[in-house]
Amino acid sequence: MDAYEQAVPEYTWTNLILLGVFISIAVVYTRKLIKNQATGLKYPPVYEGWLPWIGCAMEFGKQPLEFIHKKQQDLGPVFTCKIAGENMTFLTDPQDLHAFFQSPCLDFQKAVQTSVQNVASISKESFFKYHSNIHDLVKGKLASSQLAAMSDKLYTEFKEQLDTLPSQGTEDLNKLVRYLMYKPTLNCLFGRNSLPVNNEVNKNCFEHFVKFDDQFEYGAKLPAFLLKAWSSSREYLLKIFCSLVNDKKESSHQTNNDKTLFESLLDTIDDQSSPNFCLLLMWASLANAIPMTFWTLAYILTHEDVYKKVCDEINNTIPDNILYILIVFNIDINKMVYIKSCILETIRLRSPGVIPRYVVQPFQIGKYTVPVGHRIFASVFWAHRNPDCFQDPNRFNPERWDTKDIERNVFPKYFFPFGGGRYQCPGRWFGLMEIQIFLVMFLKKFKFEVFDSLPKPSYLHIVGTQQPATSFSVQYQHVS
Ligand code: HEM
């Protein structure tokens, strides 16, 4: 050992390593800076997290909705996060969302294709071949002009299902609403009793759907072998659709107008993937409308003044004999604007956490450019809580809809619960009508008492309408 080596104290090696790391980080950032300056582009602020590749996946995964909110406060309304090897950019300002939904630089199909493959085993080829046609079919079948005929069907289905309830009882409201809406919705869209909804098998089918729905978001991201119970429920539902598709293909001779959505769907798809698309459609038709109905009821019942106003509106519009409802339906249900205000106010507060797109051309948003290859998300949940667009945004206040033309479904500029652009939710008018018919009938037939305060939404999920984080019990009693 020479004199020089002896003179270097041990801690100096640690310092040298730290210096090396520091220089590497500085080089990376300087290169990025030079590159950005050279291209003249300004990218959104980035949160990288601490772990290489994984980035902030852990923090994000724990409480995604809260995470987005926190980063919005730290970094501003547009920011990028490195999550499990991907660049994910979030938009939270309602004023940016028109550009998001209308831009040709952002692609819906590329954003959802892998998730669709994971949850419903639909190959990439099949998805790109059929997706647009299926979207247009659902949009046409559930257009406003078709709703009058459907409202009668829904009325009959809901009446039948409500009649199965005892004259009084205590239940968790979320489960109760799910039970009451599941069968009528499917009967209406897929054809009465097309799916096994009213026998012993029904119970299984319902339970499997609940499991499939509960973990849908994980199923979209994780390999199926990590989600055994979820995968077996998916297989169960797919098997039902397989046999249903075979039966229907042999027996369907109806004209186009008389066909249910399900029958028309089978005409559109000419390969093996029909059962898989049916499963997706089943999920889309139940997964948002049912929890939204639960939340609307929960909001109404926990606000005494609102509950009273809603009951007054229903009783003033519909005579006590509930059968009259059939006659007044098409004329009067839209005129019940207070209950509709309650639905829209609930939808504002329980909108999807995020709506995804994929950047296919550099996307300019304000002073920032979001590069090609980023996944980009509009956080409608937080956008609807922006005080510049909605005064006192966290308060449930149906009266804020008073001045709007909601009878004709004209909504405010910064209200995006159904997404937007070419692939905006094609079931929205059916969904709104279905929720309103159900609430009117349920609240007309039963009076309610609540025991719990309004539950918080579960912040675990960011796709679609949130589930309640805790249970919410109600006591119901037959009145008319
Ligand atoms: C309150 C209830 C509902 C809400 C909040 C809701 C919300 C949404 C949202 C945010 C999207 C994505 C749109 C986008 O990316 O721009 C969507 C898509 C979709 N929704 Fe709805 N939805 C509701 C009810 C329904 C109902 C009742 C149906 C069917 C009967 C339905 C069928 C669909 C379908 C099929 C898609 C996928 C469209 C495509 O892939 O092109 N939705 N919905």
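Every residue gets a Cβ built from N, Cα and C, even glycine.
The shown structure was predicted, so the numbers you read here are calculated from the model rather than taken from an experiment.
Per TrEMBL, the features are as follows:
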- 12-29: transmembrane segment (TRANSMEM)
- 277-301: transmembrane segment (TRANSMEM)
- ASN288, ARG375: substrate binding site (BINDING)
- CYS425: heme binding site (BINDING)
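Non-local contacts of ASN288 (substrate binding site) by the CB criterion (under 8 A, 6+ apart in sequence, same chain) comprise PRO352, CYS425, GLY431, GLY464, THR465. Within its own chain, ARG375 (substrate binding site) has GLU86, ASN87, MET88, THR89, ALA111, PRO356, ARG357, TYR358, VAL359 as residues 6 or more apart in sequence whose C-beta sits under 8 angstroms from its own. Counting every protein chain shown, the Cβ of CYS425 (heme binding site) has 20 other Cβ atoms within 10 Å. Look at CYS425 (heme binding site): DSSP puts it in coil.
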